[in-house]
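Asks: Supplied in structure tokens, the structure appears directly below.
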């Protein structure tokens, strides 16, 4: 089986920017889960209050199980750890961002007030991080393997290159992905 990397966090923290960059750097396949749900029509309803798609977790799991059963390496971008809870990830990255920066991003995206407030509360309460622990980690050792990255510094977004470098400098990355990259280089 190939390597599986999860990049997750509240909407607006920089998941898509980072995963696009990682895809290019690592030459991994990228699954942006919200796009897949929309394009493959895996949603059951459009929630007007939150301006989001509602979907059946089992339908998403079935699709992903078929998609990732090959030997390819994958990066999965999602804000919903439950939808990917059946996958054993080699690396889990949880991104976070300053609330004022998130607020500005939501405003630029045209989020309504309810959706903005909900997402800010999710970030404040570290809901995504806690869901990752609850749904993807089986023990304390796995919790300690989660890579947590702040994507904003002094109210300014960090460069994607710097965020990627920060991730690749972690012991989790070095002990997992770096080993596989070295093996690939010696085989060639």
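A Cβ is built for glycine as well, from the same backbone N, Cα and C atoms used for every other residue.
A quick note: this is a predicted structure, and the numbers were derived from the prediction, not measured.
TrEMBL lists these features:
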- 12, 14, 15, 16, 17, 109, 155: ATP binding site (BINDING)
- 32-55: region 'NMPbind' (REGION)
- 108-118: region 'LID' (REGION)
Asks: Relative to the Cβ of residue 155 (ATP binding site), which residues of the same chain, six or more apart in sequence, are found under 8 Å away?
Replies: 98, 100, 101
Asks: Judged by the number of other CB atoms within 10 angstroms, which among 15, 109 is the least packed of the binding-site residues?
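Replies: Each of the binding-site residues 15, 109 was scored by Cβ atoms within 10 Å; lowest is 109.
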Asks: Under an 8 Å Cβ to Cβ limit, what residues of the same chain, 6 or more beyond the ends of the region 'LID' (108-118), are close to it?
Replies: 12, 49-52
Asks: Under a three-state reading of DSSP, tell me whether residue 16 (ATP binding site) is helix, strand or coil.
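Replies: SS state of residue 16 (ATP binding site) = helix.
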Asks: Are there any residues in the same chain, six or more apart in sequence, whose C-beta is under 8 angstroms from the C-beta of residue 17 (ATP binding site), and if so which?
Replies: 160
Asks: How do the residues of the region 'NMPbind' (32-55) split into helix, strand and coil according to DSSP?
Replies: 7 helix, 10 strand, 7 coil
Asks: Average pLDDT across the region 'NMPbind' (32-55)?
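Replies: Mean pLDDT across the region 'NMPbind' (32-55) comes out at 90.
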Asks: Which secondary structure state does DSSP assign to residue 109 (ATP binding site), in the simple three-class scheme?
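Replies: Helix, per DSSP.
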Asks: Return the maximum Cα to Cα distance in Å (whole number) over the record's ATP-binding residues: 12, 14, 15, 16, 17, 109, 155.
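Replies: Site span for ATP, by Cα atoms: 19 Å.
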Asks: With Cβ-Cβ distance below 8 Å and at least 6 positions apart along the chain, what are the contacts of residue 12 (ATP binding site)? List them in sequence order.
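Replies: Long-range Cβ contacts: 97, 102, 105, 106, 109, 119.
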